[in-house]
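Step one of this worksheet: look at the structure below.
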Amino acid sequence: MTLLADRAPAKVNLTLHVLGRRVGDGYHVLESLVAFAGTADRLTLDPDAPLGLTVSGPTAGPAGPTDDNLVLRAARGLAARVPGLRAGAFHLVKRLPVAAGIGGGSSDAAAALRLLARLNGLPLDHAAVGAVARETGADVPVCLDPRARMMRGAGEEIGAALGLEPLPAVLINPGVPVPTAPVFRALGLSVGQDLAGAPHPTIPQATATDTLLQALAGARNDLEAPALTVAPVIGDALAALRAQGCRLARMSGSGATVFALFADRRAAVRAAAALRAAHPGWWVAPTFLR
């Protein structure tokens, strides 16, 4: 049988409001507008080979041991829930930076679930697919159908897909991995504590870019300030983006990746070229978010 293939796009938090930390499980309660980039990892599945995973690509090294990769965790989880599930050998071409605040591992796991669902004739809203997505990681469910939408809670409340116009953007990672846990520790919320702040703006189902940018200007990423204490270079990356004349610059997730929105594709490509020349050690990607 021929190989099955899918993309695992970067997930970008255009906003990320932390509402508090809930009693019971201690999870932080979030409200976030997420979009997905044209920049992506690539995952293939060979159904004629035994279950396994190989990894190549420019960021394969930092991705860590394959046995603990979320791709295999998702595949094994689905096999445990669906008797007779056909699987196979996965190959991941890793292009996205690791521990970078853009959900690379979660998107890879979601791509694995899509490939297995396609191979076995399962709809993406199959109960087992959704359950395994939730078990594999908080960001995996929103990555199953990678289109812009609101997500809330600890990732379990996912809104309908939004009809955003494609947003010309540049993503930058300054080459410093930033695990999520230290950033949340730096935020310093106790269990049961709420975080004061302006409410998240309402994002209509279909939003013109200028209207969206006005809404984004009234929003924030509450993890940006604590992430700067963990990795101050994030501030340098944001300053470098703002110097290129962008319309908005912000950190994604818990960092260290930052993004900027530009007036058009040409401006984004021009800014990316200038940033690569000035910072050859940084990961820089002109793209669209949608």
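From the backbone N, Cα and C atoms, a Cβ is placed for every residue, glycine too.
LYS11 (active site) falls within a strand segment according to DSSP. According to Swiss-Prot, the feature active site maps to LYS11 (among others).
The ATP binding site annotation in Swiss-Prot covers PRO97, VAL98, ALA99, ALA100, GLY101, ILE102, GLY103, GLY104, GLY105, SER106, SER107 and rests on sequence analysis. All protein chains shown were included, and the count of other CB atoms within 10 Å of the CB of GLY101 (ATP binding site) stands at 29. DSSP assigns GLY101 (ATP binding site) to coil in the three-state reduction, outside any helix or strand.
Marked as active site by Swiss-Prot: ASP139 (among others). Following the DSSP three-state reduction, the secondary structure of ASP139 (active site) is coil.
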- Remaining residues near the recorded ATP site, that is with C-beta within 8 Å of the centroid of the site residues PRO97, VAL98, ALA99, ALA100, GLY101, ILE102, GLY103, GLY104, GLY105, SER106, SER107: ALA10, LYS11, LEU96, GLY253, THR257
- Cβ neighbour count (10 Å, all chains) around ALA99 (ATP binding site) is 21
- Item | Spatial neighbours, same chain, of PRO97 (ATP binding site) - Cβ under 8 Å, 6+ residues apart | THR59, PRO62, GLY104, ASN173, GLY175, PRO177, THR257, TRP283
